[in-house]
Amino acid sequence: MASRLSWQSLRARPVLLSTVVFAGIGAYFGARSFRLPTGYAESPESPKVFGGFGFTTLRLQDVKVVNHNTKRLVFEFPDQNTASGLALTCKAAFADWIRYIVLKFILFQAALLTYSWPKGQWLPVLRPYTPISDLNQPGSVELMVKHYPNGKASSHLHSLRPGDTLTFAATLKGFPWTPNKYSQVYLIAGGAGITPIYQLIQGILNYPDDQTKINLVFGVNTEEDLLLRDELEQYKKRFPGRFNYIYTVSHPHEDGSSLRKGYVTEELLRDVMRGADKDTHVFVCGPPGMEDALVGSRKSVGVLSRLGFSKDQIYKF
Ligand SMILES: Cc1cc2nc3c(=O)[nH]c(=O)nc-3n(C[C@H](O)[C@H](O)[C@H](O)COP(=O)(O)OP(=O)(O)OC[C@H]3O[C@@H](n4cnc5c(N)ncnc54)[C@H](O)[C@@H]3O)c2cc1C
């Protein structure tokens, strides 16, 4: 796991990452032309927007303000019948039957590496964002972006208006999900860390043969930070007994709120994870403090270890 790109490691080394990746991209484009507006993956099947070589530039179709610091941005594909190509990834060179098996049973959690050159920056900025739209959805892809004060990429993304464009440099594969490999999963999200977790929820629940039980623990600062609340509620209604969530709010505005108060603590998780066994997997995505407390760091043992989870049962985005 140490060599894997994580939300945190990318955050800690943005300049280095920009430089290294930009150098690689620069070398690549030294030999090939810059493709606009869109580079399609080479595939014998219907064309896909992402997954091939080259930059992909898409037009921003719609912007929705979610709360004080978060927006939803919909980017349209040039061809409305085209799908993102992110949902299930495998090499075009695979024999068809192998491809069928791979496509049918392994879902790679995926993020898009955005490329922007905000005004005043010496170098371009590369940051990953996780689509929140169904990855099989044709015609568009939707991102949900939290704005960080002085954040280079998030400020740029928040400045975009419908009609503007954004360039995507690459796709990043995340956790390879195999349906029914675990009897249940615990998904622990903090703030904007809900996006990869939500993509996993969609992937599991939208696949008819997958029976994995999902328990989500979502910690936020205030009630307005409960992103994707309606969508999660809909899933809970559609999958009673299979999908459950607990919200916990560390700084609630009103005393009257019916939601649980406080951070994602050991006590809370001990309660929620009572039925966990060896057949259980845990996924964590959130701010660095929360991830360190739960997964552990060089200096301290994490809450999840204290609750009996081994390292290979835990995946940190
Ligand atoms: C695989 C992956 C998927 C991601 N998906 C999403 C997504 O769907 N939506 C989304 O909004 N973000 C997502 N992120 C985070 C995103 O890539 C950027 O790190 C984030 O938008 C900040 O970038 P920036 O250039 O605006 O901030 P920077 O210029 O890098 O940093 C500016 C300031 O913000 C602080 N900061 C930056 N990131 C965080 C953070 N996560 N928590 C707390 N403080 C922070 C920094 O410490 C710094 O003080 C994802 C990250 C990864 C690795």
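Every residue gets a Cβ built from N, Cα and C, even glycine.
As recorded in TrEMBL:
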type: BINDING; residues: R127, P128, Y129, K146, K152, S154, T195; note: FAD binding site
type: DOMAIN; residues: 53-178; note: domain 'FAD-binding FR-type'
type: TRANSMEM; residues: 12-31; note: transmembrane segment
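Features as recorded by TrEMBL, highlighted on the structure.
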residue : record           : DSSP (3 states)
R127    : FAD binding site : strand
K146    : FAD binding site : strand
K152    : FAD binding site : helix
T195    : FAD binding site : helix
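Look at the Cβ of each of the binding-site residues S154, T195 and count the other Cβ atoms within 10 Å; the largest number goes with T195. Sequence-distant contacts (6 or more apart, same chain, Cβ under 8 Å) of Y129 (FAD binding site) comprise A111, L112, T114, L143, V145, L157, T195. Across the domain 'FAD-binding FR-type' (53-178), the prediction's mean pLDDT works out to 86. Assigned with DSSP, the residues of the domain 'FAD-binding FR-type' (53-178) fall into helix, strand and coil as follows: 18 helix, 57 strand, 51 coil. Here the binding residues for FAD are R127, P128, Y129, K146, K152, S154, T195. Their largest Cα to Cα distance works out to 19 Å.
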